[in-house]
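> Okay, handing you the structure first.
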Amino acid sequence: MDIETLKAQNPDHWNKAAAIRALTLDAVAAANSGHSGMPIGMADVATVLFEKHLKFDASRPDWHDRDRFILSAGHGSMLLYSLLYLCGDPEITLDQVKNFRQWGAKTAGHPENFLAKGIETTTGPLGQGIANSVGFAMAEEALRARFGKKLVDHHTYVIAGDGCLMEGVSHEAIGIAGRQELSRLIVFWDNNNITIDGTVELSDRTDQVARFTAAGWHVQEIDGHNPAEIDAAIAAAKKDKRPSMIACKTHIALGHAAQDTSKGHGALTNADQNAAAKAVWGWTTGPFEVPADIKTAWEAIGSRGASERAEWETRLAGMSASRQAEFARTMAGDAPKKLSSTIKALKKQISETAPKVATRKSSEMVLEVVNPIVPETIGGSADLTGSNNTKTGDLGVFDVDNRKGRYVYWGIREHGMASAMNGMALHGGIRPYGGTFMCFTDYARPAMRLSALMRIPTVYVMTHDSIGLGEDGPTHQPVEHLAISRATPNTLVFRPADTVETAEAWEIALTQTKTPSVLSLTRQNLATVRTEHKTKNLTAQGAYVLADAEGKRQAILMATGSEVEIAMAARDILQAEGIGTRVVSMPCWELFEEQDEAYRKRVLPGGPVRVAVEAGVRFGWDRWLFGERGKREKSGFVGMHGFGASAPAETLYEKFGITAEAVAQKVRDLVEGRWQPDPRA
Ligand SMILES: Cc1ncc(C[n+]2csc(CCOP(=O)(O)OP(=O)(O)O)c2C)c(N)n1
Ligand SMILES: [Mg+2]
């Protein structure tokens, strides 16, 4: 259908959609940057969705039972901002739209979830939104099963572009959504056949309809500019028991000189061309001006759900006080009161019995006591359940016929798992944790970075965290992954030394509201080093003195995880030789960094020589070797200098020189003034 016919057939719809198109054009032109074509192309789909289907109340974008709208094609951010402004979202004002992409504005280049409540997730890295949405839809299923349809009864809608569907993570997301029959997940594919470099044909010939169908989705193909077809497709999608993909044939930059070309993808800033496009759309008002009748029509859409929201609040208020309180606690992400005492009891028992177990097993021991009292956890693993020790007896399996199950078999989909966990956390009411091998942090990494950027408390259970995993060899032995995780802002990286520290780390991770955690856990058994029970969470200080020097303090050994035991053995050797040696356990650098300087100096005073021991690369350790009052010539590192190898763990520690004797020798050299720059460090 040509534009004139579309306009004539449904002028009310056309004008509402044109408001999105005009605001997009104006905001991008004013910023002289951004992406005009996608919002212009998808304006009709978005208008029908918001007008006819989306359950929301624009004045209350934090209403728990709203439908979620995920803009996976995040470069088209002006589509979202236009919708929020037009509907009357209190945060996205006209001023914000005018300040698109400027310092301090909520209307950032790509949508940022923490800038306004109406922005459900941060998108821009293509594919993330569609993968997040799987988690949103799973969270809705789980919460509906727990709290009932009266409180939880909504859909997740997604707009994804060619780029989102080309990214590998979309494959992982589509697969798990199909298997889990997430019927309330509805994805619109902006099928405009254009990406930045040109037409899709330059790089892809995938039959997306066949692809989604093969993964178990309900698929429809429509004209993405025809409001009646859009409406009918959404209605059919809502009825189907499978997740739905609606392939919307659209024209990027519809009505503009750049229509149907890759030029239409980016910023359309040519004033004459923009004026001509507005004339084609029948838009006659000045920049950022929406005629009053059209704005009023949009505001009516924005308040369409107000009564439904009020009814929902009445239903909630009619429930028992304890149910209301539990719902509020769950949605706020507050940990249950019993968590702290449960962790303390476990610590006491462990300190008394001093088991020799791998910290991945320690993590399971913690989860066995935590999961029964924290009903909002949803655990899972990317096909390594028996290795990651993430499944506890009480959880049950999340499945089509058991939405109360709290364990997800994610399959071999580290990236999809991480991104979906982010979606669960963003939805609210769920505390997701998921496991894989530490080495496959790489496969989950784009989503791990977004957990940190989005300020959400996703927990990553990363086991087999060093050469200590042994025979599987260097493909599976992380050496740089601790450094990568620690380099990421707003991420807590825990490498606990035993079950007590593991319990403390879990307590911290489960009480975060804005920070993700990475738990770096061993495959191999470790001795309990915390044999003296302390109720205080020492891991919360990041680092602490585990064993102090006897006699004159000449050396400080800093270690994490499996190497704390090695540092303790080195201390025994050195003390026997009369070299007073302190061992500092450093399970979480980020928390140690947050302590005041006085505490850090008490733990790491200047003077003694310092040696760090960690079965990973040195990168980052200089902060503690030279930091505060450490000196280069009085410090050393015992760890990895390259990739590992395939052999039994004990052999590897021996061959790579990560032993108590090697640590002791390093200390002797430093104490006796034989410092050598390490050529491999
Ligand atoms: C992971 C990732 N890779 C690359 C980009 C840069 N990028 C932004 S949009 C885009 C093209 C996307 O094409 P499509 O989804 O079809 O969007 P359209 O051009 O139709 O608006 C690219 C490559 C990105 N944002 N994220
Ligand atoms: Mg495209």
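For all residues, glycine too, the Cβ spot is worked out from N, Cα and C.
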> Return the residue out of Asp153, Asp162, Asp231, Asp240 that TrEMBL annotates for the same Mg(2+) site as Asn192, Ile194.
Asp162
> Of His256, His464, which one shares the substrate site with His35, His265, Arg360, Ser387, Asp472, His476, Arg523 in TrEMBL?
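When TrEMBL describes the substrate site, the candidate it includes is His464.
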> Report the candidate from Gly163, Gly411, Gly470 that shares the thiamine diphosphate site with His75, Gly124, Pro125, Leu126, Asn192, His265, Phe440, as recorded in TrEMBL.
Gly163
> What's the CA-CA gap between Asp162 (Mg(2+) binding site) and Asn192 (thiamine diphosphate binding site) in angstrom, rounded?
8
> Distance check, please: Cα of Pro125 (thiamine diphosphate binding site) against Cα of His464 (substrate binding site), rounded to an integer number of angstrom.
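Taking the Cα atoms only, Pro125 (thiamine diphosphate binding site) lies 29 Å from His464 (substrate binding site).
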> Looking at the binding-site residues Asn192, His265, Arg360, which have a C-beta within less than 6 Å of some atom in ligand 1?
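Cβ under 6 Å from ligand 1: Asn192, His265.
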> If one looks at the chain holding Arg523 (substrate binding site), which residues at least 6 apart in sequence have a CB under 8 angstroms from its CB?
Ala358, Arg360, Ser387, Thr463, His464, Asp465, Gly468, Leu469, Gly470, Ala649
> Filter the candidate list Gly124, Leu126, Asp162, His265, Glu414 of recorded positions, keeping only entries whose CB is under 6 Å from an atom of ligand 2.
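Among the recorded positions listed, those whose Cβ sits under 6 Å from ligand 2 are Asp162.
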> With every protein chain in view, how many other Cβ atoms are within 10 Å of the Cβ of Gly163 (thiamine diphosphate binding site)?
21
